[in-house]
């Protein structure tokens, strides 16, 4: 406390101008805190030293008593800022902007009339009531678009509403186009080659074949084919004298794809291969077994075994 008073006296002697608050830098310093080593104004001193219980115990020295309020001079206790509320504004801006009225109207319109229908919604399709006869050409319509209507711009730039299609009239017009197309093809062909199907009078008639001559040629062809027919009775008689080339025992298919004798050779080769594999395996197994027993006999003298097939020779000789 004595050191603080000495520093204040030196400060008052050396510096004539009042010192600014080190926290807000706007007002003159009224208090000096030795614990914080800071010069504070009256407002900053209240905010700093009422923060917690430890800060209230800091010893402070008043620099100019004439700037202190009457409450402080009278010895009234300072209430904590934490109980009365913050006096300073928050450092970070708390912007609470409400939505504009136009934006709210747009949101309400979107909710009432959605452009994209929700999947599974009841308002997705609008089916008008009609008789059973009219249900054949019924197409689901979206409710929002039926109210608004379809607008298409033509080549002049103006907007015109499209008419509802009548499918029966459209089908009739398509049929008319189809038949008119055939008639146009016929007329175009007739105009392109007007004399195609007509015979010129200047031509010779020697090259023309009459119908009677054609029929005579066809009959001659039938007679020639009849001459080349097979005599089935003679073929059957010659077939009975000879044996059938097919072998019923070795016939593996109805078409005799595999010649006789090949299947027997295949079975024989498979059996020989199995026998060869068995003998090779048996020989290897016996050889391995013989080696194993020989190794046990050699190691019988090194390992003392009282039971078993192989006993040490020294024990056998002693007994």
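Note that Cβ sites are derived from N, Cα and C of the backbone, with glycine treated the same way.
DSSP classifies residue 24 (Zn(2+) binding site) as coil under the three-state reduction. The annotation Zn(2+) binding site is assigned in Swiss-Prot to 21, 24, 44, 49 on the grounds of sequence analysis.
Look at Swiss-Prot and you will find 21-63 tagged as zinc finger, backed by sequence analysis.
Positions annotated as region 'Disordered' by Swiss-Prot: 90-115.
Summarising the annotation, Swiss-Prot assigns compositional bias 'Basic and acidic residues' to 95-115.
Look at Swiss-Prot and you will find 271-313 tagged as domain 'CCT'.
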Other CB atoms within 10 A, centred on residue 49 (Zn(2+) binding site): 22
CB within-chain contacts under 8 A for residue 21 (Zn(2+) binding site), separation at least 6: 27, 28, 29, 39, 40, 41, 44
Sparsest Cβ surroundings (other CB atoms within 10 Å) among the binding-site residues 24, 44: 24
Zn(2+) site, defined by 21, 24, 44, 49: further same-chain residues with Cβ within 8 Å of the Cβ centre: 22, 23, 27, 31, 38, 40, 41, 42, 43, 45, 46, 47, 48
